[in-house]
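Before any comments, here is the structure.
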Amino acid sequence: MQSSLARPPVLAGCGERRGLAAVARCRAEAAAPVWTASRASAGPYTGRDPEVKKPAWLRQRAAQGEKYARLRESIGELKLNTVCVEAQCPNIGECWNGGGGAGGEGDGIATATIMVLGDTCTRGCRFCAVKTSNKPPPPDPLEPLNTALAVASWGVDYVVLTSVDRDDLPDGGSSHFAQTVKALKELKPGILVECLTSDFRGDLEAISSLANSGLDVYAHNIETVRSLQRVVRDPRAGYDQSLAVLKHAKGSREDMITKSSIMLGLGETDEEVKQAMMDLRAIGVDILTLGQYLQPSERHLTVREYVTPQKFQFWKEYGESVGFRYVASGPLVRSSYRAGELFIQNLVRNNKTESSMDPYAEITKSN
């Protein structure tokens, strides 16, 4: 496993390229931090690498603002869990304020990612800050209704639901997830619901049940490239299993939109990232997000590289070129990064009525 982390990225020389697009692509690749032997030898997998310094572009102001404060108070009073808090998301201020910044100057629609099935995961992925246990508390049977009541009271048009892994439950928590979606749709039929799910241990029936619960976007993350799966994720997760989840979800409904996410900076090569993108496109995944892996603590995986904003822009353009309908790519981008903004502006307000309509066209043009 050590060797898979140490492989340098494969980059062709600029002198061998032809055309403006090729030159621009080469410059973006060259902007990425240099991969050094000393960096590769740090580890084996955890602790801080003294040679890898956090760059200025990752510095964020402390979250504040009226919208942020109001949403945080509401979530606390209702005893809801959010992945924004539990996973230490760096975008909490920006998303909860409705985009634009952590200080409350956003003018969009606030997006919070509600975490159902409790705050304790049965798996121990080496990148994740969420607490773990083999025997977490049983799910709260009132959580689906309480979550729906809370979200409906916020007046939002888009919500992201996610969950911890619950391998202790027969269906992995799929039915609980589905009940939450149905409760939301009953209280507010026009709301758009994205579900960022676990793999349900590859249980196709559980995937189908949730996919047909009324959700609008089925999201499941492959997290990293194939070669790093066993280093980064819990052994019960897997690259092919995650692809199978997304493929089955896509086939469950004609109008299903699917989404996945990849972390960068864990030791992946450019060719591996490209292959992961192609694997996702081969099963019809519509949306891809790419962001920088940030180490929650010294117990977690070491950051191998801080990818530059220019390189993230390269990956955005590359992803669009291979057919993703939308790509969000940036150092602080996460799975649910401003998800509501992307969809509300182009699905709800444009009154999408046909599954063939592209809700991302205007966003893609503007970027």
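From the backbone N, Cα and C atoms, a Cβ is placed for every residue, glycine too.
Annotated [4Fe-4S] cluster 1 binding site per Swiss-Prot: Cys84, Cys89, Cys95, Ser336, in sequence order. Within 10 Å of the Cβ of Ser336 ([4Fe-4S] cluster 1 binding site) there are 26 other Cβ atoms, across all protein chains.
Residues annotated as domain 'Radical SAM core' in Swiss-Prot: 104-325.
The [4Fe-4S] cluster 2 binding site feature in Swiss-Prot is assigned to Cys121, Cys125, Cys128; the stated evidence is sequence analysis. Annotation for Cys125 ([4Fe-4S] cluster 2 binding site): spatial neighbours Glu223, Val232, Arg233, Asp234, Ala237, criterion Cβ-Cβ under 8 Å with sequence separation of six or more. Secondary structure at Cys125 ([4Fe-4S] cluster 2 binding site), taken from DSSP and collapsed to helix, strand or coil, is coil.
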Neighbours of Cys121, Cys125, Cys128 excl. site residues, C-beta within 8 Å of centre, [4Fe-4S] cluster 2:
Arg123, Gly124, Phe127, Ala129, Val130, Thr132, Val164, Asp165, Asp234
Cys128 ([4Fe-4S] cluster 2 binding site) and Ser336 ([4Fe-4S] cluster 1 binding site), Cα-Cα, nearest whole angstrom:
15
